[in-house]
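Engineer: This is the structure, below, for whatever I ask next.
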């Protein structure tokens, strides 16, 4: 099973990614160990804090490879973030994990308790538009039947093998284009979702998760929407970073004037 998760997702370099069950809420090194087991797929019996795995973690959060796992790093690890395990490569996916077409349908299957359906629809529309604005991709919403990208809200265990963990943990996850469930995007229904700066802004998290569903890995650039942890940006002024644009255009190409309606 291939998947991408946002604690608000993480991909292996060959575009294989699966979400991981939540870790216990430990402090200090116990938490770091749990984090590594979750997001770097280390074996329980293997040495944990090897130089290689520590370097991976530091690179994931765009920090100098000589830094120590200090209080600032511990704080970063406790931020709500994507729950998909990451490999050592956070650059452009060498496998070019992508859809083989430019017109994609999407469907919102259900809604959270704390947002009006119209606000959810606007947030998802704006999220897909962020990606279509810089690529030849065209997104069309459908109300019924199958769709390429399927958006839904769930809580705890929800029959995909990757349960959510309640408020403040994993915010969402998404399956990759070449997975057994391409385009599936799940959000944790236990989170407080909004169209503003209260709780978690659905537009921002959806932009991240849909990026994964299009084939993007996480970025180590903190200005990127594909950065592993959730950071609030004003949706009214939000723009993709140069890193985001470069990587999505690497998969789908640039938007030509003929692509503009």
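Placement of Cβ uses the backbone N, Cα and C atoms for every residue, glycine included.
Remember, predicted model here, so these are calculated numbers, not experimental data.
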Engineer: Write down the residue from 133, 221 that Swiss-Prot flags as N-linked glycosylation site.
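Structural biologist: Record lookup in Swiss-Prot returns N-linked glycosylation site for 221.
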Engineer: Need the matching range: Swiss-Prot marks motif 'Cysteine switch' on one of 72-79, 80-87, 88-95, and I'd like to know which.
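Structural biologist: Spelled out, Swiss-Prot records motif 'Cysteine switch' over residues 80-87, not the other listed ranges.
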Engineer: C-alpha of residue 212 (Zn(2+) binding site) to C-alpha of residue 221 (N-linked glycosylation site): distance in Å?
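Structural biologist: The separation of the Cα atoms works out to 16 Å.
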Engineer: Check the motif 'Cysteine switch' (80-87) for me and report the mean pLDDT.
Structural biologist: 55
Engineer: Measuring Cα to Cα, how many angstrom lie between residue 208 (Zn(2+) binding site) and residue 221 (N-linked glycosylation site)?
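Structural biologist: A Cα-Cα distance of 13 Å.
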